[in-house]
Structures are given as C-alpha cells and as structure tokens.
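Undergrad: Here it is, the structure, as structure tokens.
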Amino acid sequence: MDFSSFLTSLGTSFLIFVVLMLLFTWLSRRPGNSVVYYPNRILKGMDPWEGGSRSRNPFAWIREAFSSSEQDVINMSGVDTAVYFVFLSTALGILVLSGLILLPVLLPVAATDDNVKAQKTNGSNQTFSEIDNLLMGNVKDDSPRLWAFLFATYWVSLVTYFLLWKAYVHVSVLRANALMAPGLKPEQFAVLVRDIPPAPEGQTRKEQVDSYFKSIYPETYYRSMVVTNNREVNKIYKKLEGYKKKLAHAEAVYDGSKKTGKPEGLRPTTKTGLLGLVGKKVDSIEHYNEKIKELIPKLEAEQKATLREKQQACAFVFFTNRVAAASAAQSLHAQMVDTWTATEAPEPRQIIWSNLKIKYFQRIIRQYVVSFIVALTILFYMIPIGLISALTTLDNLKKLLPFSEVNCRYCRSQDSAGSLPSSDCTHRVFGTVAQVTYGPLQGRGNSFSGPCIASPGNATFFLTFVALKFFVGYGLELSRIVPLIIFHLKKKYLCKTEAELKQAWLPGDLGYATRIPGDMLVITIALCYSVIAPLIIPFGVVYFGLGWLVLRNQALKVYVPSFESYGRMWPHINARVIAALILFQVTMFGYFGKKFYRSFADTALEVASRELKEIPNMETVFRSYIPPSLSSEKADDDHFEGALSQASRIGAIA
C-alpha cells in the first residue's frame with residue numbers, strides 16, 4: 001500500500017468514527033432509546049440523563065467519562081471492570097513512555113539513512129513506499145545506527161516491566177479493599193470441598209461432612225450444603241419457566257386484542273405439536289395453564305428425589321467468620337491430596353454446577369489434555385500457517401502457479417487501495433502473527449528465515465489494521481447501532497410483556513473473554529513493531545486511549561456485570577503482556593541477528609568493487625579449488641572436461 005492509499009484508508013476510518021459518534025449523540029437523546037444507551041443506570045434506579053448526558057453537545061459523553069473516578073466505575077460495574085481499565089491504562093502508559101523516546105530518536109535515525117534507496121538502485125523486486133524510509137529497514141546492515149534501536153529495545157522492556165509492577169500493586173490494593181469492604185459477600189464465608197471419600201456405613205453424606213469439619217473447626221463451623229446432580233430437576237424447571245413465559249405472552253396478546261378489536265377480545269391459539277407448528281390447535285391460555293399444573297408436582301417430587309438420592313462427592317461448607325473460611329480454603333485437610341480438597345468458594349453466579357463433581361485426577365488429566373491440545377495447535381497449525389503464508393505471497397504465487405497471475409494483480413490492486421474484505425484481513429492477521437512468533441527462530445538458510453515484520457509492506461498493513469480497529473470498532477461500540485436495531489425489531493414484533501421487553505434490551509457484561517484477546521493482539525503488534533516501525537506507537541496510543549474513553553462511557557451507562565471475581569483475571573492479563581514482551585524481545589533478537597549476520601555471510605558490493613593491484617590469474621583461481629586427489633600435472637582442461645560447466649567451455653572456446 002502506498003502512502004496516499006494509507007492516508008485515504010486512515011481518513012475514511014476517521015470519518016466513519018465521526019459519523020457514528022454524531023449518530024450516537026442524536027440517538028441517545030431520544031427517550032425510546034434510553035434502555036439501549038443507559039441500561040446500567042436504569043437498572044440501578046438512576047435517571048438516564050443525570051449529569052448532562054442528554055446535552056446537545058456531541059462531546060458531553062467525553063467530559064463525563066473523563067470526570068468519572070475509579071470508585072464510580074466500581075460502584076456501577078464492579079471491581080473486574082475497574083481492573084480491566086487498569087489494563088487499558090497500563091498498555092497506554094507503556095506505549096506513551098516508549099514513544100517519548102522512540103519517536104524523536106529512531107525516526108530521524110532511520111530517515112537519514114538510505115538502505116531503501118540502495119535496494120531500489122540494486123533492482124530489488126520488493127515494493128517500497130514513503131513510510132519505509134522511516135522504518136528500521138531503511139538502516140543499512142552492520143550500521144552503527146543500529147545501536148539506537150538496540151537501546152530502544154531495552155527501554156521498551158524496562159518501561160513494560162515497571163508499569164506492570166505498578167499495575168500489580170494497584171490491582172492488589174483494589175482487590176484487598178473490595179474484599180475488606182463491610183458489605184456481606186456470601187463467598188467469603190463459604191469453602192468449596194471436593195473429592196469427599198465415600199460415607200461410612202450408617203452415615204449420610206451431609207452427616208459425614210458435618211462431623212468431619214465440626215471436629216476440625218468446632219467454634220467457627222456453621223453448616224454444609226451437599227452438591228447434587230441437578231440435571232433432571234433443571235429440565236423440569238426450565239420447562240415450567242418456559243410455559244410461564246408463554247402463558248404471560250398469551251395473556252398479553254389476549255389483553256391487547258380487547259383494545260384493538262372486539263371488547264371480548266380474541267383468545268390466542270397454538271398447536272400442540274413440534275414448536276407449536278403442527279398438531280391439534282388449542283386455546284393457548286388454557287393449554288399453558290394445564291402444562292403448568294402438570295409440571296409443578298413433578299418438579300416438587302424431583303426436588304425431593306434429587307436432594308435425597310443424587311448427592312455428589314462435593315459440598316459447600318459455611319463458617320461463621322471470614323478468617324476461618326479463608327484459613328480452611330488454604331489448608332490441607334487430609335493426608336492424601338486427592339481427598340477433602342478445599343478451595344475458596346466462587347461467587348454464586350460463577351458456579352458451573354455440572355463441573356463440581358469432577359474428581360481430582362480427572363481435573364489434572366483435563367489440564368494436561370488442554371495443554372497438549374494447545375501444543376499440538378501451535379505445532380501443527382500455527383507454524384504451518386506461518387510457512388504457508390510465506391509461500392503464498394503474491395509474488396510466490398505467480399512463480400508457483402503462473403495461471404494465477406491475473407488474480408494476483410487484482411488482489412494487489414485491492415490491497416494497495418486498502419479495501420481487502422474483513423475476512424481476508426483476519427486471515428492475514430493470524431498468518432502474520434504466526435510468522436512473527438516463529439520467524440526469528442527459523443534457520444538462516446531457510447527461505448523464510450526472517451520475521452515477517454522484515455517485509456516492507458507489513459508495517460503499513462498493521463498500521464491500517466489498528467486504525468480500522470479503533471476508529472470503526474469503537475465507533476460501532478459507542479453508537480450501538482446493531483443492538484438498537486435488534487431491540488426495536490423485537491419490541492415491535494416479538495415482545496408483548498414487560499419481562500420480554502426487559503430481556504430484549506438487557507446488555508450483558510463487557511465480555512472479557514472476547515474483548516481482552518483483541519486488546520492483547522494489538523499490544524503484541526504494537527510491542528513487536530515499536531522499535532522496527534515506531535510509527536505503530538501513536539496508533540497503539542490512540543487505540544488504548546480511545547478504548548479507555550469509549551468503554552468508560554459504556555461501563556458507566558451500558559454494561560451490567562454478570563459476576564464479580566474482584567480482579568482475579570489480572571494474573572492472566574499480566575502473564576500475557578509479559579508473553580507479548582518476550583515475543584517482542586525474541587523478534588528483535590532475530591531481526592538484529594539478520595542485520596549483523598548478513599555483512600559476514602555475504603561480501604558487500606562496495607568491498608568487492610575495489611580494484612586489485614594486479615590482474616588476477618584465473619587459471620590459478622580455478623586450480624586452487626581442485627582437490628589434491630584429482631590434481632594433475634597436465635596444463636590443459638581435458639582432464640577436467642567432465643567437471644566443467646557448459647558455460648565455462650563456451651567461454652574458453654570464445
């Protein structure tokens with residue numbers, strides 16, 4: 001992509017963001033849309049437009065986000081959301097502090113060299129743009145200027161480690177303050193006990209658990225709750241709740257028909273077959289009432305059977321104070337580690353009941369299986385993808401598949417215009433990340449030896465990718481166009497009761513499972529390119545800065561947390577940022593290795609072009625390579641005629 005196309009793509013992305021922001025300002029002021037743009041405030045009984053949210057100023061939301069404190073975020077969305085903003089702030093700080101040194105130092109150092117110009121002069125088949133003159137690739141091999149890039153690598157590493165340490169201290173304080181808060185948190189008084197051995201004869205499971213823990217904690221033990229297999233009772237309960245919702249829907253339809261039609265109304269009907277589409281047609285209200293009456297005694301009977309006959313080898317044990325519960329969760333209660341395993345109880349909303357029954361060794365085996373699958377994925381998927389990505393560049397495709405030249409020209413024209421489809425963009429990202437990971441570790445003799453970032457065109461691609469991600473991605477996040485459309489469609493055609501209407505606009509939480517991996521991809525790209533292509537730093541700064549701003553608004557007004565772990569996700573985030581830093585260091589190791597190895601592997605043309613004092617005797621040169629066992633006193637070439645190349649013989653004849 002040339003520089004003008006890059007600017008066009010960047011300007012288009014920015015224009016889209018501005019349009020979406022203005023659309024958000026207009027749509028969010030309409031009363032009918034308040035449940036889409038302010039559901040968090042509405043659920044907490046607050047005025048949606050409290051604090052000037054309904055102002056006609058399109059930038060009012062920015063002022064509100066900046067003026068909010070960390071405690072405001074905790075009050076509205078919990079500690080986990082506050083910890084996520086610590087991550088965004090840390091990533092932003094890493095890039096800002098790195099950019100303060102890298103941008104004013106490395107850009108002039110690279111711009112004042114002429115390696116790109118030299119490659120163009122030597123007839124290189126690579127395509128260069130104006131941006132390449134500002135990258136590390138413009139510095140000649142074995143140049144003293146590379147010292148600046150080496151010191152920059154150390155600076156980025158030191159900044160990252162320092163800010164991660166500060167973030168760790170900050171998050172640990174946040175977590176401690178939240179756990180020390182005077183409000184009641186049920187999980188602080190409970191311990192999850194798994195791998196309970198078989199109960200002695202004459203004792204029930206509950207009696208076994210009670211007697212065991214009461215003997216160890218006679219003063220602080222309260223009671224226990226044995227976990228049961230709830231599969232069957234859950235099925236009946238879900239059916240019952242489903243029929244209750246259908247009954248409420250049918251009654252709402254019936255009441256609505258009285259207002260629009262005859263005073264007596266029109267009773268809704270349904271069919272008793274599959275999905276209400278086939279079978280006998282019956283009155284919906286009567287049918288659902290009958291189903292509810294049938295299921296209630298079944299549910300009660302199944303509840304009794306479940307509590308009596310389907311007890312599992314695990315239980316929740318409750319204590320009268322938090323210290324005793326914390327001590328029990330950290331203690332070894334039995335001589336064998338696979339029995340009476342105690343851990344901190346999760347928050348009630350986090351429990352996956354079906355997983356509680358899994359035995360100790362089964363849990364260990366599952367962990368190893370997952371690790372093994374991940375290793376296989378890396379070995380047999382990511383590495384081959386990286387190799388295939390290197391093989392299937394446009395130039396290599398034309399060499400390997402001559403008939404694909406027309407398509408290659410089309411793809412190159414689309415790529416230069418910055419308009420590849422998003423699915424293609426995704427495939428390129430994953431292919432390139434795989435090459436970044438494994439490129440530096442491959443042998444120097446391999447045709448795919450260097451990291452992919454050594455390719456001149458990839459830096460521009462990632463600049464465009466990050467810009468598209470923060471301008472368009474966060475523009476859609478702020479405007480909430482898709483949730484708005486879905487809500488109004490459901491409201492008009494599907495929702496008949498208040499419960500259905502509320503279910504249609506409930507936003508859920510921030511979705512850390514899918515949001516954080518995307519952020520990790522950007523911080524990994526930004527770190528890996530920070531020294532090689534410092535221009536990536538401002539784009540990373542805008543990504544995390546704009547993300548902090550937009551998501552701050554969403555956390556305060558939109559998203560509702562579905563659970564609270566009090567920042568327990570931070571160690572995972574910290575480990576992955578360090579992994580990204582190590583990847584950056586390995587990448588730089590491979591890049592510097594290429595830069596310095598080349599001048600020793602190949603003779604520079606400026607060295608070879610120096611004239612010798614005397615004309616070389618080519619016969620002497622030729623015979624110096626003859627093995628001693630094949631040497632002969634003959635002065636002609638007949639003895640080596642079979643070993644001479646055709647070109648050499650033609651040259652000799654001439």
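Cβ from N, Cα, C; glycine included.
Checked TrEMBL, it gives:
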DOMAIN    5-166  domain 'CSC1/OSCA1-like N-terminal transmembrane'
TRANSMEM  6-27  transmembrane segment
TRANSMEM  82-107  transmembrane segment
TRANSMEM  146-165  transmembrane segment
DOMAIN    188-355  domain 'CSC1/OSCA1-like cytosolic'
TRANSMEM  368-391  transmembrane segment
DOMAIN    454-592  domain 'CSC1/OSCA1-like 7TM region'
TRANSMEM  461-487  transmembrane segment
TRANSMEM  521-549  transmembrane segment
TRANSMEM  569-592  transmembrane segment
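Tell me about the surroundings of these features in the structure.
TA: Mean model confidence of the domain 'CSC1/OSCA1-like cytosolic' (188-355) amounts to 90 (pLDDT, 0 to 100 scale).
Same-chain residues lying 6 or more positions outside the transmembrane segment (461-487) and placing a CB less than 8 Å from one of its CB atoms are 1, 6, 9-10, 13-14, 16-17, 19-21, 23-24, 27, 33, 35-37, 61, 131, 418, 425, 428-429, 432, 504-505, 507, 518, 522, 525-526, 529, 533, 535-536, 539-540, 542-543, 546-547, 550-551, 553-554, 558.
Sequence-distant contacts of the transmembrane segment (521-549) (same chain, six or more residues past either end, CB-CB distance under 8 Å): 62, 65-66, 85, 88-89, 91-92, 94-96, 98-99, 102-103, 106-107, 131, 134-137, 149, 152-153, 156, 160, 429, 433, 436, 453, 459, 462-463, 465-467, 469-471, 474, 577, 580-581, 583-584, 587-588, 591.
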Undergrad: What are the DSSP helix/strand/coil residue counts across the domain 'CSC1/OSCA1-like 7TM region' (454-592)?
TA: 109 helix, 0 strand, 30 coil
